[in-house]
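Below is one structure, written out as structure tokens; comments come after it.
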Amino acid sequence: MAEESSKAVKYYTLEEIQKHNNSKSTWLILHYKVYDLTKFLEEHPGGEEVLREQAGGDATENFEDVGHSTDARELSKTFIIGELHPDDRSKITKPSESIITTIDSNPSWWTNWLIPAISALFVALIYHLYTSEN
């Protein structure tokens, strides 16, 4: 007999997932899928602390930032227990566009000219004092 491929999807609310945020029950969300990683904590190559920090919440951004291998992605599928309920998907923070604080691209004149000029004068003064002693 063929395995039933159209199993009903088990949905979990965000509130329910957030309760599983400890070493006895470690759940997290990746791409709206819910994973129970409790039994994988000690086997995780990055250490169990990494998973426990993300437990009970959405770890999608951190998971993608690490750049997991194809093998790791395949292994992760074995821990899927369901999906985040569609009503709660808007509640998790999507990876925000990072706010980058930039320094003015046109720095003031003193950083471009005054500091190098003072440095050059200082070097010239030291050179002059050094050569006048001989």
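Cβ atoms here come from the backbone N, Cα and C positions, even for glycine.
What Swiss-Prot says about this protein:
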BINDING   H44, H68  heme binding site
DOMAIN    9-85  domain 'Cytochrome b5 heme-binding'
MOD_RES   A2  N-acetylalanine
MOD_RES   K7  N6-acetyllysine
MOD_RES   K10  N6-acetyllysine
MOD_RES   K19  N6-acetyllysine
TRANSMEM  109-131  transmembrane segment
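Here the recorded positions are K7, K10, K19, H44, H68, and the one whose Cβ sees the fewest other Cβ atoms within 10 Å is K7.
Across the domain 'Cytochrome b5 heme-binding' (9-85), DSSP classifies residues as 35 helix, 20 strand, 22 coil. When the modified residues K7, K10, K19 are ranked by how far their Cα is from the Cα of H44 (heme binding site), K19 comes first. Rounded to a whole number, the C-alpha distance linking K19 (N6-acetyllysine) with H68 (heme binding site) is 26 angstrom.
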